[in-house]
Amino acid sequence: MYRSGERLLGSHALPAEQRDFLPLETTNNNNNHHQPGAWARRAGSSASSPPSASSSPHPSAAVPAADPADSASGSSNKRKRDNKASGGRAAGGGRADGGGVVYSGTPWKRRNYNQGVVGLHEEISDFYEYMSPRPEEEKMRMEVVNRIESVIKELWPSADVQIFGSFKTGLYLPTSDIDLVVFGKWENLPLWTLEEALRKHKVADEDSVKVLDKATVPIIKLTDSFTEVKVDISFNVQNGVRAADLIKDFTKKYPVLPYLVLVLKQFLLQRDLNEVFTGGIGSYSLFLMAVSFLQLHPREDACIPNTNYGVLLIEFFELYGRHFNYLKTGIRIKDGGSYVAKDEVQKNMLDGYRPSMLYIEDPLQPGNDVGRSSYGAMQVKQAFDYAYVVLSHAVSPIAKYYPNNETESILGRIIRVTDEVATYRDWISKQWGLKNRPEPSCNGPVSSSSATQSSSSDVDSDATPCKTPKQLLCRPSTGNRVGSQDVSLESSQAVGKMQSTQTTNTSNSTNKSQHGSARLFRSSSKGFQGTTQTSHGSLMTNKQHQGKSNNQYYHGKKRKHKRDAPLSDLCR
């Protein structure tokens with residue numbers, strides 16, 4: 001089974017003034033910000049610890065103010081230690097060095113990009129391609145679902161188990177949880193009955209099974225004992241499945257949404273601002289915020305595939321980090337989208353009048369405020385504002401004059417992938433990328449239907465212990481990229497098909513540059529134009545920029561790793 005490493009920063013609070021992310025390079029000059037996880041040493045890794053954990057930024061680089069999320073989230077928090085994407089050593093696509101791989105925190109960056117927002121667009125495309133679910137990751141998750149479903153079917157043979165959330169829509173990160181809903185007929189929700197059965201069958205880690213019976217939607221939270229995938233189980237909740245269908249519909253209308261959402265989810269995840277249970281903004285709320293942004297955005301081409309992702313990302317951060325009035329304004333996406341006055345709408349809420357920092361009307365149930373539990377919305381707002389300042393500076397015309405702009409990552413200034421996440425994905429590829437991966441015998445009995453859908457098992461008849469990363473550890477490699485796969489939701493038959501497509505999806509199409517890219521991003525000295533305030537304090541953007549021709553936007557097609565002619569290097 002997979003076991004993540006100990007948090008070396010767990011007993012040391014991060015300094016309040018620590019900068020968020022320093023300029024990242026593909027050399028080992030910046031790999032000393034975090035020490036490697038302890039599990040790597042237990043696994044026999046020959047990589048030595050970096051010489052220092054307090055590296056300073058490049059002396060010539062202008063670094064904006066510290067990310068407010070750093071000072072507000074101490075690493076002693078257990079939730080943060082459980083988050084593979086938060087803290088830890090940054091992983092990346094570096095060069096091989098001795099017995100290991102040198103990481104830089106940006107494994108998606110395999111080449112130099114154009115300058116400015118065109119380069120940011122290219123990098124967002126590569127990030128999406130790298131972070132999108134791989135076939136073996138979907139296969140692993142389906143096996144987790146099958147194991148849990150077998151326990152549920154043993155208790156209630158007529159129960160119906162369905163997947164919803166990011167796993168159903170395909171917009172999940174490598175460490176995202178799985179959302180399951182169980183439909184059946186019970187007088188009282190059988191939370192504790194299922195909790196006892198999951199413990200009995202050893203499907204989950206003993207300490208990870210928790211029953212949140214007092215929550216708005218009562219759920220069971222657990223961590224799969226073999227894969228460390230987190231699972232939330234609810235009962236008789238219809239809206240979750242309907243919301244997944246709604247997300248798919250909007251994704252078809254706005255092809256840019258998956259690119260924005262994956263970047264934003266990673267941005268919040270590594271700052272521990274993504275859990276509604278702790279006041280953060282959940283995936284559904286974040287998606288609706290992105291939809292509202294695109295609906296009310298001044299660009300007419302926001303719904304066509306070749307929109308510049310870099311421009312949209314920066315303007316998203318500008319809107320929700322700088323201009324949006326969280327105190328007075330609510331978000332509504334029905335009927336083309338609009339802003340609403342919170343004090344008027346909340347009087348008609350299902351739960352009565354409740355002060356809500358972030359009001360987002362549920363399009364499936366207008367009387368429901370899906371953002372009412374996000375009491376940490378102001379902290380998210382500050383993080384968005386920070387990202388806006390950082391990215392605006394990085395794509396400005398003067399950024400090309402900074403040292404090391406040929407190798408530094410623009411997107412890596414606000415997000416990065418930890419060593420732990422990269423190695424976790426390698427472990428998944430090694431386990432589920434094989435044709436005959438042994439089914440873990442230590443997770444209790446699995447139903448015959450689940451066993452049929454999973455790969456064949458070669459585990460010894462005397463219950464050989466499950467293999468762990470200590471036994472299966474391979475050198476981290478992020479060279480092969482697989483595009484996002486749409487999760488099969490009706491059955492797990494698609495799991496077997498994913499294996500045959502694993503090698504065919506690794507090639508990329510050629511990337512084309514467009515003229516006029518220098519005009520894509522408005523000068524930071526002038527600021528973003530065309531914003532007015534409504535009577536309710538919300539940001540309403542005018543149509544000044546709708547007239548821009550589509551050829552001003554970078555054509556967002558996939559690319560090969562190598563280009564025929566060298567282009568301008570990535571700016572800071």
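A Cβ is built for glycine as well, from the same backbone N, Cα and C atoms used for every other residue.
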S86, S447, S484 - the residue Swiss-Prot records as phosphoserine: S484
Further ATP ligand in Swiss-Prot, beside G240, S283, Y284, N368, R372, within candidate set K221, K265, K342, K347: K265
From K139, K334, K467, K497, the one Swiss-Prot labels SUMO2 cross-link: K497
Feature motif 'Basic, involved in binding of the RNA primer' in Swiss-Prot, mapped to one of the ranges 109-115, 557-563: 557-563
Swiss-Prot annotation, SUMO2 cross-link - which of K78, K512: K512
From K202, K210, K253, K470, the one Swiss-Prot labels SUMO2 cross-link: K470
Neighbour-count leader, CB within 10 A, binding-site residues: K265, R372: K265
Secondary-structure category, per DSSP, in which S283 (ATP binding site) falls: helix
Pairwise CA distance, D179 (Mg(2+) binding site) versus G240 (ATP binding site), rounded so that it is a whole Å: 9
Where K265 (ATP binding site) sits in the secondary structure, as DSSP reduces it to three classes: helix
Residue with minimal Cβ packing [other Cβ atoms within 10 Å] among the binding-site residues S283, N368: N368
Sparsest-packed of the listed binding-site residues (D177, D179) - C-beta count within 10 angstroms: D177
Across the domain 'PAP-associated' (308-368), average pLDDT on the 0 to 100 scale: 89
Neighbouring C-beta atoms (10 Å sphere around the C-beta of G240 (ATP binding site)): 20
